[in-house]
Amino acid sequence: MKEKNMKKNDTIELQLGKYLEDDMIELAEGDESHGGTTPATPAISILSAYISTNTCPTTKCTRAC
């Protein structure tokens, strides 16, 4: 039984050393997402602009608030 466990551990150790650090950095840099916005961001921006415009549309109103 110990022999089987040692063989499993040897296999795991070999898998851990499969990639070099440079390979991992290359993989990580290749998977980056450009922009970083969520699909909800444009809708939230439009809603915020609408509320802002209809709540206090002028600087005179803003000062009165």
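Any Cβ shown, glycine's included, is placed from N, Cα and C.
The structure displayed is predicted, hence computed values, not measured ones.
The 2-oxobutanoic acid annotation in Swiss-Prot covers Thr37. Residues annotated as 2,3-didehydrobutyrine in Swiss-Prot: Thr38, Thr41. According to Swiss-Prot, the feature 2,3-didehydroalanine (Ser) maps to Ser45, Ser48.
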Distance [Cα-Cα, Å, rounded] between Ser48 (2,3-didehydroalanine (Ser)) and Thr41 (2,3-didehydrobutyrine): 11
Local backbone state of Ser45 (2,3-didehydroalanine (Ser)), from DSSP in three classes: helix
Nonlocal neighbours by CB distance (under 8 Å) for Thr41 (2,3-didehydrobutyrine), same chain, sequence gap 6 or more: none
Ser48 (2,3-didehydroalanine (Ser)), number of other Cβ atoms within 10 Å: 10
